[in-house]
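Participant: To start, I am sharing the structure in question, which I have written as C-alpha cells.
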Amino acid sequence: MSRFARLLLIVALFFTNAWAKTVKETLRITWKEGAPNGQARELIYTNGQFPSPTLVWDEDDDIEVTVYNEMAKNVTVHWHGLDQKDTPWSDGTPGLSQRPIQPGNKFVYRFKASPPGNHWYHSHEKMSLVDGLYGAIHIRPKGDRTGLWSQISQDKDDIKAMENAAYDPEYLVVSDWSQYTSEEYWKISTDSGLLVFCLDSILVNGKGEVYCPGQKFLQAELAPGLVEDAFPPGTEVSDKGCFPADLDQVQGGPWNITKRPDLIPPRVQEGCVASRHENATIVVDPSKNNGWVSMHFVAAATIAQITFSVDSHEFWLYEIDGNYVNPRKFVSAVMSAGETFSVMIKLDQEPGKYTMRIPNSGASQVLGGFAEMVYKGCEREEKAGKAYLSYGGNPTSPDVEKNSFFPWQLDTDHMSPWPPNKPRPGNADEEHLLVLGRVGAPYNYTMNTKYLYPVDFQNDDPLLFYPNATRDTENDGLVLRTKNGSWVDLILQVSTLPGDTSSFEHFMHKHGSKTWRIGFGTGVWNYTSVEEAIQERPQDFNLETPGLRDTWITAFSIGGEAYWSVFRYFVDNPGPWLFHCHIELHLMGGMGIAILDGVDAWPEHIPEEYQVC
C-alpha cells in the first residue's frame, strides 16, 4: 500500500470514529401510583417519569443502556425498530435474547444506533406495556435527504428548513389507558371467559382525560354501516362506547368454556366516570424553519388503533416505522399499535390554538382523544380551525375521507420506500404459511393453527444460547428456522379457523428486520407457491413498489370472509427474532412465533457478560 493510500485510510478511519460516539444511558424502572388521566392507579415510571424519556442519538452511535429493575416484578426493554445487527443479545425479548431482569437486578444493552429514523422502546415482559414502560427514540441520520424534501417543495429554503425541522422534531407518544393494571386486566378476561378490550382514555405524552359524552352520542358516532354489517340489529354500545362483551361476533366460538359476564367488574365495560385532567400541548414556532415543523408519532397503544389529525392543517407523511417513504399529503392518518409515523406540517394558518384529534379508529370502542397544537405566543387564544375528524374518528366530509391514510386500503397505503428499495422478484427461497386466529377460548390466539406462544416461553433457556432446545418437542411448532442469505415469504391467513371466522385486525411486528408486503387478497390461500398465486392473481401483488415496514395490519373480517397477506424479507441478520401481534391481549393469549433467522450462520462469539448457563 502506498504512503498516500495509507494516509487516506487513516483519515477515513479518523472521521468514521469521530462521527460514531459512545452514548451511555441509565433507565431506572419503578412501580408507583400515578393518575395520567386524572384517575389513580399503579404504573411503571422510568427515571421518575411517565412515559419513559425520549432518547435521541446519531446514526451509528455506540449505545450502552443500563436498565435497573427497581420493581417487584420482572422486566425487559425491547428497542422497537432497531435491527440489532450483530447484537441479537440486546433485542430485549425474554426467552429469545435474554432472561428477564429480576427485581433488584440490572442489565446492560449494547448496540449500534441503526437504522436512522423514528423508533421507540418498550417493555416486552408479559403484558406490561399496558403499565406504561414506553418512550420515543430518534436516530438522526448521516445522509442527505434533499431528494426526500424536494418531493414536498422545490424551494431551496424550504428544503433546508424541512431538514432542520426533521433534525429536531416534536415527539408525540400516543397510548391507550385503562384503570386496571396489566395483571388485573388479563385476569378479567380469564375469569369471565370473555375477551375484554374496553379502555378509559387515549393519552398523548402521558396526558389525557376520561370523557363521558353519553350513550346516545357514542351510538351516533359509530362508523357508518358497522352495526349493520357486523353485529346483530339493535346492537348498542355502552356509555363507554364499548360493544357488549358477550356478542358472538366479538368472542367467536362456540368454545367449550363457560361465559361469566357477571364476573366483569363495574366500570370495565360500562359505568363511565368522567375526570378532568389535562391534555398535551405542543407549542410550535412559525418563525422557525420557514414555518415547517416535523412531528414524530409513536403508537404505543396496547389495543387501540389510532387516528390523528390537526384542525385546519394538512401534513406530509414521510416516514413509517423508521423507513423513509415517498411523501404524500393527507389530513388524517390511521396508525396501528406498534407503528411510528413522521409527518411534516406547514404552519401557514392564522396563529392560534388548534385541536389535535386522536381517537380510537378501531371497531373495538368509540373513544376520543385530544391534544393541542399552539402557535407560539397564542397560548391564551381561543381554539380555532376546521375539524377533519369527529369524536369517534369519522371523517367530517367526503373530501376528508378521500385525503386520509387508511392502512387497510391498498390505494391509500401505497407508501413506497425512499430511496427505492424493492425485494427480489419471482419465488422466494423459503415459504412459510402461518394461520392466525383463536383456538379454544376467545382470548387464546395462535399463529400456526393450534400452538399458543407462552409468555414465559424459553425464559430459562433463551433460544439465542440454546437454539436447538425445542427440537423433538411439541414446542418446536412455535419455532421457524431460516437460512442466512435466503429470501423468505411469510404468508399470513386469517379468518379460517373454526370459531374464528369473525376476526379483528392483527398488528404484526417482526423483530430483527423489516418486511415488504408484496401481496394481499381475499379467500383461502390454496396455492402451491407465491409464484403460482402471482400468476393467477397478479392484481393482488406488487413487487415493484411495495411498502417496507416492521409492523403490518391484517384485514378486519366480520362475517366470515377470509384474507391473506404475503410478506417478504431477506435473511442477513442471524439471531432469534420474535414475530407477533402487537395487540397486548393477543400476544398474551399466544399470538407469537420465534423465527431463528440464519441458523447456518448462528452467532458464535457472544460476549461473556451476556452468556447464560
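Keep in mind that glycine also has a Cβ here, set from the backbone N, Cα and C atoms.
Checked Swiss-Prot, it gives:
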type     : residues                       : note
SIGNAL   : 1-20                           : signal peptide
DOMAIN   : 29-142                         : domain 'Plastocyanin-like 1'
CARBOHYD : Asn74                          : N-linked glycosylation site
BINDING  : His78, His509                  : Cu cation 1 binding site
BINDING  : His80, His122, His582          : Cu cation 2 binding site
BINDING  : His124, His511, His580         : Cu cation 3 binding site
DOMAIN   : 171-359                        : domain 'Plastocyanin-like 2'
CARBOHYD : Asn256                         : N-linked glycosylation site
CARBOHYD : Asn279                         : N-linked glycosylation site
CARBOHYD : Asn444                         : N-linked glycosylation site
DOMAIN   : 468-598                        : domain 'Plastocyanin-like 3'
CARBOHYD : Asn468                         : N-linked glycosylation site
CARBOHYD : Asn484                         : N-linked glycosylation site
BINDING  : His506, His509, Cys581, His586 : Cu cation 4 binding site
CARBOHYD : Asn526                         : N-linked glycosylation site
Participant: Listing them in sequence order, which of the recorded positions Asn279, Asn444, Asn468, His580 have their Cα within 10 Å of that of His586 (Cu cation 4 binding site)?
Facilitator: Asn444, His580
Participant: Could you please provide the mean pLDDT value for the domain 'Plastocyanin-like 2' (171-359)?
Facilitator: 94
Participant: CB neighbours of His509 (Cu cation 1 binding site) within 10 A?
Facilitator: 25
Participant: Report, in whole Å, the straight Cα-to-Cα distance of His506 (Cu cation 4 binding site) from His78 (Cu cation 1 binding site).
Facilitator: 20
Participant: Could you check which of the binding-site residues (His80, His122, His506, His580, His582) sits closest to Asn279 (N-linked glycosylation site), going Cα to Cα?
Facilitator: His122
Participant: Of all the glycosylation sites given, Asn256, Asn279, Asn468, which has the fewest Cβ neighbours within 10 Å once its own Cβ is left out?
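Facilitator: With the glycosylation sites Asn256, Asn279, Asn468, fewest surrounding Cβ atoms within 10 Å: Asn256.
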Participant: Between His582 (Cu cation 2 binding site) and Asn74 (N-linked glycosylation site), how many Å separate their Cα atoms?
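Facilitator: Pair distance, Cα basis, whole Å: 20 Å.
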Participant: Compare the C-alpha of His80 (Cu cation 2 binding site) with the C-alpha of each of the recorded positions Asn74, His124, His506, His580, and give the closest one.
Facilitator: His124
Participant: Give me the sequence-ordered set of same-chain residues, not including His124, His511, His580, with a C-beta within 8 angstroms of the centroid of the Cu cation 3 site's C-beta atoms.
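Facilitator: Surrounding the site, in chain order, are His78, Asp91, Thr93, Leu96, His509, Trp577, Leu578, Phe579, Leu587, Gly592.
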Participant: From the recorded positions Asn256, Asn444, Asn468, His509, Asn526, pick the residue whose C-alpha lies nearest to the C-alpha of His580 (Cu cation 3 binding site).
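Facilitator: Nearest listed residue in space: His509.
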Participant: For the glycosylation sites listed here (Asn74, Asn444, Asn484, Asn526), which one has the lowest count of neighbouring CB atoms within 10 Å of its own CB?
Facilitator: Asn526
